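These notes are about the structure you will find just below.
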Amino acid sequence: MRILGLDPGLARVGYGVLEVDEQRRNQPEMVDCGIISTDAGRGEGERMVEIARDLRQLLRLHRPDLAAVEKFFFYRSSNTIAVVQARGVLIMTLARFQIPTVEYPPMQIKLALAGSGHADKGEVQDAVMRELRLNERPKPDDAADALAVGLTAWFQR
């Protein structure tokens, strides 16, 4: 099974691709991680188009069986609204590719990985490193967060 974890953002969307041999019930392995970045000099609409285009390329390259996306329940600022709009672009693009999608709020991701819904970013990143048997924390932070979302999907299956 191949899982794509996504950490939504307007400037940067983190992504992490995990592979798991379900027959053997193996630990997930990281296939790829990184970011989709958009040009801050462009308008929001153009940036959303960039996100959709780059996500389509990732989907064609990695062919995930499942996608997991971080979900937000509250809006504190106009910047948060842009992130939620970018999240909508991700969800729409995944639907167009008919990829089953699950969503998790930040507290559930923290609880699944670090054992506490109030864990800090470092604790979650250390858990990602441990679960994937990595020698160092994945960089940038957005990619590490996306791997955490993907791992949550595996743990919650």
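Keep in mind that glycine also has a Cβ here, set from the backbone N, Cα and C atoms.
Keep in mind it's a predicted model, so treat the numbers as computed, not measured.
Features of the protein shown, as given by Swiss-Prot:
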type	residues	note
BINDING	D7, D142	Mg(2+) 1 binding site
ACT_SITE	D7	active site
BINDING	E70	Mg(2+) 2 binding site
ACT_SITE	E70	active site
ACT_SITE	D142	active site
Inset, instruction - Give the residue from the binding-site residues D7, E70, D142 that has the most other Cβ atoms within 10 Å of its Cβ, counting over every protein chain displayed. - result: D7
Inset, instruction - May I ask you to report the DSSP-based helix, strand or coil state of D142 (Mg(2+) 1 binding site)? - result: helix
Legend entry - Integer Å distance between the CA atoms belonging to E70 (Mg(2+) 2 binding site) and D142 (Mg(2+) 1 binding site): 11
Legend entry - D7 (Mg(2+) 1 binding site) to E70 (Mg(2+) 2 binding site) - Cα separation in whole Å: 6
